[in-house]
Amino acid sequence: MIRETARAKINLDLHVLGRRPDGRHDLDSITVFTALGDDMTFEPAADYRLQIDGPFAPSLSPGAENLVTRAALALAASVSRAPAVRIGLLKHLPVASGIGGGSADAAATLRGLQALWGVEAPALHDLAQGLGADVPVCLSQRPARMEGAGERLTPIAAPSLPIVLANPGLGVATGRVFAARRPAEGGPRPQATPPPDDAAGFVRWLQAGRNDLAAPAIRLAPAIADVLTEIQELPGCALARMSGSGATCFGLFPTPRAASAAAMRLATRHPEWWVQATRTLAE
Ligand SMILES: C[C@@](CO)(OP(=O)(O)O)[C@H](O)COP(=O)(O)OP(=O)(O)OC[C@H]1O[C@@H](n2ccc(N)nc2=O)[C@H](O)[C@@H]1O
Ligand SMILES: Nc1ncnc2c1ncn2[C@@H]1O[C@H](COP(=O)(O)OP(=O)(O)O)[C@@H](O)[C@H]1O
């Protein structure tokens with residue numbers, strides 16, 4: 001049996017440069033992954049089966065539209081095999097929440113099936129891109145600067161950072177958030193130099209940046225503004241920001257202990273929110 005962790009993707013910043021002729025948007029985003037993710041297993045079987053369990057299983061159907069199934073069928077076709085596999089998905093990450101759970105599951109499926117079948121898909125990066133803008137960066141799950149519509153990736157050195165994730169139980173559709181963005185909400189990143197690799201310097205560098213999708217997401221789901229304010233006010237929080245197109249927001253903390261205490265305080269105040277303390281991975 002092959003096991004994979006489909007890690008949460010965090011956009012530590014997200015600058016929207018503008019809309020392209022194809023309707024998609026050019027981005028410039030520092031993207032990292034957390035220790036926390038969905039757990040996946042891959043075993044040989046007579047035919048294709050996807051079994052979804054875990055806290056967010058009820059938000060998902062195992063049908064043809066599931067990104068795991070789409071990735072499995074696309075990979076099987078590209079290496080001319082029958083998709084004879086039983087896939088287990090333990091869904092820990094909230095769905096449609098800006099932390100790329102579906103994209104991470106799709107990328108983990110590509111990695112898991114390549115390992116199970118002992119194959120290497122030709123043009124894996126293109127196959128990943130066809131499944132979604134965030135799938136290529138989720139293939140390596142390493143810190144990267146993501147440009148274009150997600151297809152241009154430059155690995156970066158990033159420290160491991162204690163982080164708190166919070167979602168008020170809202171799913172916001174990525175396409176709707178991009179559509180709600182006003183032209184003035186965007187532009188190039190302000191920093192002229194690359195990020196320093198020590199934690200304090202890295203966080204200071206991030207503070208100068210933005211998430212250009214936060215304002216349109218808040219217009220669609222005003223509760224996101226409350227989540228950001230509450231995270232910002234937690235003791236030790238160095239930066240509070242929304243990830244991706246929301247609604248999940250994060251706070252960065254100086255130590256794992258400060259992050260755990262902050263998560264506990266937030267979860268006690270809002271038992272209905274999804275709140276997790278974890279860390280971003282340096283590689
Ligand atoms: C915004 C980001 C930032 O990492 O994250 P999420 O909020 O989804 O986590 C991603 O670019 C999202 O990637 P992903 O979720 O794979 O998006 P896709 O399924 O490819 O696109 C969904 C819809 O969002 C819009 N879209 C997406 C990406 C992009 N660069 N420009 C866009 O305009 C398009 O309307 C598209 O139809
Ligand atoms: N395995 C999956 N996990 C999560 N979402 C999935 C999956 N398969 C399909 N989806 C769909 O993909 C969309 C994006 O989900 P997700 O990647 O979790 O969020 P986001 O793009 O906001 O980071 C959702 O509309 C969801 O219904």
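Here the Cβ of each residue, glycine as well, is placed from N, Cα and C on the backbone.
Features as listed in TrEMBL:
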ACT_SITE  K9  active site
ACT_SITE  D134  active site
BINDING   P94, V95, A96, S97, G98, I99, G100, G101, G102, S103, A104  ATP binding site
DOMAIN    66-140  domain 'GHMP kinase N-terminal'
DOMAIN    211-266  domain 'GHMP kinase C-terminal'
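Mapped onto this structure are the features recorded in TrEMBL.
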| residue | record | DSSP (3 states) |
| --- | --- | --- |
| K9 | active site | strand |
| P94 | ATP binding site | coil |
| G100 | ATP binding site | coil |
| D134 | active site | coil |
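The ATP site, placed at the center of the C-beta atoms of P94, V95, A96, S97, G98, I99, G100, G101, G102, S103, A104, has further neighbours from the same chain whose C-beta lies within 8 angstroms: A8, K9, L93, G244, T248.
Screening the recorded positions P94, A96, G102, A104, D134 for a C-beta under 6 A from any atom of ligand 1 leaves D134. Around D134 (active site), the same-chain residues at least 6 positions away in sequence with a Cβ under 8 Å from its Cβ are K9, G100, S103, G150, G244. Only A96, G102 of the binding-site residues listed as P94, A96, G102 bring a Cβ under 6 Å of any atom of ligand 2; the order follows the sequence. Sorted by the number of other CB atoms within 10 A, the binding-site residues A96, A104 start with A96, the lowest.
According to DSSP, the domain 'GHMP kinase C-terminal' (211-266) comprises 28 helix, 9 strand, 19 coil. Taking the binding-site residues P94, G98, G100, G102 in turn, the residue surrounded by the fewest other Cβ atoms inside 10 Å of its Cβ turns out to be P94.
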